[in-house]
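**Q** Before I ask anything, here is the structure I am working with.
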Amino acid sequence: MFKLVKLSKLPFNKIAHWLILVMVCILPIVVDFSFQTNNIFELPKAIIFRTLLYLLLLTYLAQLIVSRTRPLWGKWLWPLLAIVLLLIINIFVSLAPSASWWGVYFRQQGLFMLLHYLLFFWLVLQQPYGRQQYRQLVLTILLSSTVVCLYGLIQFLGLDPWRWSETSARIFSTLGQPNFFGYYLLLVIPLTVWSLYYLTRNFLTRFALLLLLLAQLSCLFLTASRGAWVGLAGATAVWLLFGLYQKGSKKILIIVFCLGLILFGGLVLAGRWQIMPTADNFYLRRLQSITDWHSPTVRLRVLYWRATADIADQANWPQCLLGFGKDTQRNVFVSHYAPQWGLLEKVNTLPDRAHNILFDHWLEFGWLGLLAWLVFWSYYLHLGFKTTTALQVNQERLWLIRALLIALLSSGLANLFGFPLVTHSVYHYLFLGLLVNFSLQAWPVKKLRQFIRPRVAWLLWSVLAVFFLFCIFFFNWRFLLADYYYGQAWRDIQSGDCVALLDNMNKMVITHPDPFYKEMYVDRVVNCLDRITSQSDKLNLASNVIDQLEAMGDKSQIFYTRAVAARAYSLFGYLIHPQYYPEAEKLYQELIATSPYMYFVYQDYGRQQVWAGNYEVARQVYMQGLSITPYLPPSYLSVFRPDAVDDYYYFYVLIGDSYAKQKNWTLAQRYYEQIFQQLPTYVPIYGKLAEMAYNQGKKTEALNYLLRGYRLEPSNMEWGYKLALLYQELGNLPQAKLYAEQVLLRQPDNKLIKQILEQQN
């Protein structure tokens, strides 16, 4: 009995509150700066969120046992239950159930995470949020945003110790991408403004808060996120209009509203007709492009939205009502892929979002699901909004509620052009939970009847504790372990260590059931086939790959998985036995029928025909791919993505390669020279021309091509290696030694270069 009394004295409410504080503090900050994993931004955030959520749930259940109170319950929970039911139904109607459950790998927003968000929302409703608690919560959010903003400013100043793919002109801090950083700032800026008035009266503290607000606004500007800018401007405008309405200034309200419409309409027309002069400043150009319909990113979003409308026209009624499944947008968009998408975005890639929260909800959950989500958010926002009209609410809490509403409104407007990730979603459900919590605090807390003895209750709690600890590891931290193996596998690929690659890939698929890892297993492992000498080992590897493909179950519904499978069967046919070719050919034909404008399918299919010895068929496939690839003159490199231009000329390379395979050097060189004449900056072509010249005995000409390639791409040691070999063959040993030593500086373990130097010594 002594132990029971001692447990009952534990401050479970405080523990739960501190768990939430830790959650909102570290989620925006945490990143795998060790770079040992592959998904360094969202996966660590998701894992920490779920871990703390399980601990929060255990703490809350312990509090229920100790206080013998009943969880808050009422008709206001029906929208939440409806959403839970919707998610359960979504698993069964999804085109790819396992992909919907886990979500897109880099987003971590599958049904699994959505259920955790809803559980977090429900737990926030159950917490007692008095003045001290919500002030501590706001202060914690601001402290976290201070760290995030400081790192963003460090990136802008070029002092970041880590190298990222994004330029310093668009900062992203710890959120992984500028737009996501901007969306995060939309959620914290209203709370900073509230804190200036209500959190403290100390001058120095207020001055520090003012500096933080300036840092947040500066970072928002430096993200160059147009969606975030629109979200902040739109929410501010709506709130100003609402303020005028509340004060009864209806004439001023009408005038301001009309002026706003005229201004907005003028900006849209100016962008549509391109009558505004182009600004020299990068950020001003971004601002101008908000209403510029000719801007590549704006055009791309419009194309996605048009594709969504086309999908709605072609969908059957169950799909219209219930959707295609969570996170299946890539598979839905694939049949609507058009060449223009590749000009505006990276070629051969599909969006995993429609970049509009309403369109995404329709694609994932259908009309019924979209309606359910609208009711969910509208109902709970209405509960929070009603609290602002209550007479008993003091000014401090009243303006906090308004700040939360502004934060959610601005984020919602921004998500009309984007989508949320882990940090944003946690903050969304936290803010919504706080709004509902404030509106429900007048509800009486009911005591539970003593239908279960305390010792039995604690025994049940202990069982649940063991279960959740099991979940924390097996459904949480094992994900990080699997991603660690995947990160190590990437390093193995770069180092060419196939033994380590196979080991890490096997550990990865055993550790985590996500179909993404199985797809990556197939895609990466097959590249080791040419390094395996034993036929039995090759057959074992092929068997393992086929097992992984079959284990995915819904592979027939996922376009990229079928493309990976087709490539695997092609390699099996080339390196093991031709009996695998028919399966590869069947898959390629299905892929072309599904999405006839995916260029890479024609490239891979033609390569498979070359391996099979069907050179004429291969060239027909290449020409078919070339016919649907838009021709872009080299001058378009400044307008469209360089890879969109390169992709067109790559078909000429492949056609030339097919002739080279037949040792028809003349025809091969003819296709290579077409690229050389039209796009002399296409560096790989110099290697091809050098090879053709060498095969025809023109070694001096081959040397000139290699030197030109080296000048264009001096960091690529492949040029230095080839130059060292050719100079040695030509008898120019000093030059051979010079290039060999340059390669050795970059690649000290290169055995072939060491042999060249040893031969000269």
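Including glycine, each Cβ sits where the backbone N, Cα and C put it.
Pulled from TrEMBL, these are the listed features:
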TRANSMEM  15-35  transmembrane segment
TRANSMEM  78-99  transmembrane segment
TRANSMEM  105-125  transmembrane segment
TRANSMEM  137-158  transmembrane segment
TRANSMEM  181-200  transmembrane segment
TRANSMEM  207-223  transmembrane segment
DOMAIN    212-374  domain 'O-antigen ligase-related'
TRANSMEM  229-245  transmembrane segment
TRANSMEM  252-275  transmembrane segment
TRANSMEM  365-385  transmembrane segment
TRANSMEM  397-420  transmembrane segment
TRANSMEM  426-445  transmembrane segment
TRANSMEM  457-477  transmembrane segment
REPEAT    683-716  repeat 'TPR'
**Q** When you check the transmembrane segment (397-420) against the transmembrane segment (181-200), do you get at least 3 Cβ pairs under 8 Å, counting only pairs 6 or more apart in sequence?
**A** yes
**Q** Are the transmembrane segment (365-385) and the transmembrane segment (426-445) close, by which I mean at least 3 Cβ pairs under 8 Å that are 6+ residues apart in sequence?
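**A** Yes; at least 3 Cβ pairs under 8 Å.
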**Q** For the repeat 'TPR' (683-716), give the DSSP counts of helix residues, strand residues and coil residues.
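**A** Split by secondary structure, the repeat 'TPR' (683-716) comes out as 26 helix, 0 strand, 8 coil.
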**Q** Top stretch among 78-99, 137-158, 426-445, 457-477 for CB pairs under 8 A with the transmembrane segment (15-35)?
**A** 137-158
**Q** State the non-local partners of the transmembrane segment (137-158) in its own chain: residues 6+ outside its ends, Cβ under 8 Å from one of its Cβ atoms.
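**A** For the transmembrane segment (137-158), the far contacts come to 20-21, 24-29, 129, 164, 168, 171-175, 181, 184-185, 188, 191-192, 194-195, 199, 209, 212, 215-216, 218-219, 222-223, 400, 427, 434.
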